[in-house]
Amino acid sequence: MSSGNAKIGYPAPNFKATAVMPDGQFKDISLSEYKGKYVVFFFYPLDFTFVCPTEIIAFSDRADEFKKLNCQVIGASVDSHFCHLAWINTPKKQGGLGPMNIPLISDPKRTIAQDYGVLKADEGISFRGLFIIDDKGILRQITINDLPVGRSVDEIIRLVQAFQFTDKHGEVCPAGWKPGSDTIKPDVNKSKEYFSKQK
């Protein structure tokens with residue numbers, strides 16, 4: 001796995017790449033154009049594979065939930081944008097994606113995967129890296145799965161909600177936090193309010 005330039009608490013590496021957009025058109029997009037929004041940027045190994053369509057469709061199906069959080073989801077792999085389009089145009093029952101609600105970018109030179117530290121150099125593909133980038137372009141969360149295991153969209157939504165809550169309120173979110181749950185005031189004395197309720 002490449003070391004990359006993606007570091008928590010620092011600006012996420014910018015990229016410019018050709019994407020297949022939800023309307024089926026090709027468009028050059030860059031990370032910087034999403035400043036002011038949260039971004040969930042995820043890599044997957046290859047088009048026309050097995051775990052990948054389950055993840056991509058799961059993110060696409062819930063694009064509106066992310067939109068309500070002022071969050072854009074973007075997928076990426078090393079395949080060409082033509083390959084992405086062919087996969088989108090393949091019916092789901094034949095292992096295709098069907099219509100998409102999120103852009104899929106093409107990284108054929110592997111530079112974006114390299115920058116984000118997810119390149120599996122011996123195979124020239126990317127691991128299942130996922131990056132949560134805040135509305136100021138700062139990288140807030142990184143997870144990288146090995147190839148055989150997909151990711152949970154529920155958990156990604158929860159993390160976006162938690163980071164947005166801490167941004168707004170300055171309190172911190174305990175393990176398993178969900179909207180409406182108790183949070184912790186990051187202060188030795190004030191935190192006791194939370195801990196005193198624990199069994």
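Quick reminder: no glycine exception, Cβ is built from N, Cα and C everywhere.
These features come from Swiss-Prot:
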| type | residues | note |
| --- | --- | --- |
| MOD_RES | S2 | N-acetylserine |
| DOMAIN | 6-165 | domain 'Thioredoxin' |
| CROSSLNK | K7 | SUMO2 cross-link |
| MOD_RES | K7 | N6-acetyllysine |
| MOD_RES | K16 | N6-acetyllysine |
| MOD_RES | K27 | N6-acetyllysine |
| MOD_RES | S32 | phosphoserine |
| MOD_RES | K35 | N6-acetyllysine |
| MOD_RES | K35 | N6-succinyllysine |
| ACT_SITE | C52 | active site, cysteine sulfenic acid (-SOH) intermediate |
| MOD_RES | T90 | phosphothreonine |
| CROSSLNK | K120 | SUMO2 cross-link |
| MOD_RES | K136 | N6-acetyllysine |
| CROSSLNK | K185 | SUMO1 cross-link |
| MOD_RES | K197 | N6-acetyllysine |
Integer Å distance between the CA atoms belonging to T90 (phosphothreonine) and K16 (N6-acetyllysine): 26
Nearest of the recorded positions (S32, K35, C52, K120, K136) to K185 (SUMO1 cross-link) - Cα to Cα: K136
Rounded Cα-Cα span from K197 (N6-acetyllysine) to K7 (SUMO2 cross-link), Å: 35
Cβ-Cβ distance under 8 Å to K27 (N6-acetyllysine), same chain, at least six residues away: T18, A19, M21, P103
Cα-nearest neighbour of K35 (N6-acetyllysine) within the listed recorded positions, T90, K120, K136, K197: K136
Of the recorded positions listed as C52, K120, K136, K197, the one whose CA lies nearest the CA of S32 (phosphoserine): K136
Secondary structure of S32 (phosphoserine) (DSSP, helix/strand/coil): helix
When distances run from the Cα of K136 (N6-acetyllysine) to each of the recorded positions C52, T90, K197, the nearest one: C52
